[in-house]
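Undergrad: I have a structure here, written as structure tokens, and I will follow up with some questions on it.
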Amino acid sequence: MGLTLIRNTKGKLAKDRPKIALVLAGGAITGGAFKLGGLKALNDFLVGRDIIDFDIYVGLSAGSLLSVPLAAGLSPDEMIRVLDGTSSKFSAVGPRQLYTPNVREIVGRPTTVARDIAAWFPSTVADTLLSLPELPSTLHDALGELLRSPDRAQLRRTLRRLRAGVAPRKALPSLSDAVPTGLFTNAPLEAWLRANLEGLGLPNDFPGFCDARGRELYIAACALDTAERAVFGPGRHDEHATISQAVQASTALPIFYQPARIDGVDYVDGGVRNTANIDVAIDRGADLVICYNPFRPIWNEVDLELPAELGGRRITDQGLKGVLNQVFRTLLQSRLRLGLEKYRHHPTFRGDIVVLEPKEYDLDYFGLNPMDFGKREVALRHGFESVRHTIEQNFDSLEDLLHAHGLRMSQVTAAQRAAQIVRERGWNVAANLPPSRANERARARPRLRVGDAS
């Protein structure tokens, strides 16, 4: 099931131009490439109004890196050229922007802790010497109270007073303070996006960008100190933050990247707080929300009679990496599902929602490292094939829903465009391994979830 539809409309909307929003969840590097391939496939089916003609763009984490150029008018085809480094409009993002070591903290934090520890010892000795004149008085009072009430509770109070009299006034610096807040810094990513927006002649501030493009753009992050969601955009959280700064905040994946500091506030990846932020688009009056979430758990019904390469493996056979992969995917998707449920019978939202996700039996995509820069092409192809097949298998239902919002679809056009990209990139679309029995059973299950709200 790569598609979920939540439908509240009945027939075509009365509006001449319904408001359409594209909401892109996270996914890291390979998830971002996967989404780009899927967006290309979706766009291939659209006739007359493309993805870059939508009204609202909401991005989170890797989704923010895609939402900005889309809102700027770069088509999925052009963004694939950006991925290759062959675009004349947008420079490619490379390892330098993604894997710059956090040298300042890797070197600076241990140095600071070592200095503080070295200063702690003489400071502690000095404090102890200064407290010695008061020690007899403290000892006299404490022992006197103990003699008057010689019980266990009084003994504990006496010992606490004695310890307070001679204990260091400053705590020993913790060695954990020497650990950097992230292995890498994504500051070069902010500089890359800032330069590209300048190259397009577009403002790097939300109000100016939205006025210039006639589109609404929102980027979500998580404020570290308060754990609250921060939505950057026109009239939102911090309108003074630049677009490139907001993307830096939204992509600051914990542990991998250090938190991004904007105007004195530390931010981390928006996926920490929310999976997609569909509500942002709905609050802005979207009639149709198309959401793309690349993280979902795998459906791995094990058949140990089969060899490992054909599905006879448990997730635990992959070790801790496989377990964490499945757990985090489950957490992210279940959180999204809980958020979607309230819109099935929402008292005020009368629009529709389309959610695109990977197939639950896509073992190859499941096995990709989210931060593996070298697997971008593999993820791109997987995303393209996944969405293309999902739309083909559910074409009538999706076409009917999109038609209500003025979007036209064509299978013929999509087939022609698909043949072109397969030919240009040399993809062997039939190069997949034979399906396992478990995956065959997954394919036999219903492919589409439709919520028809009354």
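Quick reminder: no glycine exception, Cβ is built from N, Cα and C everywhere.
Residues or ranges marked as active site, nucleophile by TrEMBL: S61. Look at TrEMBL and you will find D269 tagged as active site, proton acceptor. The domain 'PNPLA' annotation in TrEMBL covers 23-282. The feature motif 'GXSXG' is assigned by TrEMBL to 59-63. Feature annotation from TrEMBL assigns transmembrane segment to 20-36.
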Undergrad: Could you count the residues of the motif 'GXSXG' (59-63) that DSSP puts in helix, in strand and in coil?
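TA: Output for the motif 'GXSXG' (59-63) reads 2 helix, 2 strand, 1 coil.
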Undergrad: Express the distance between the Cα positions of the residue listed as 'active site, nucleophile' and D269 (active site, proton acceptor) as a whole number of Å.
TA: 6
Undergrad: Name the residues of the same chain, 6+ apart in sequence, whose Cβ is under 8 Å from the Cβ of D269 (active site, proton acceptor)?
TA: G26, S61, A221, C222, S250, T251, A252, L253, P254, Y257
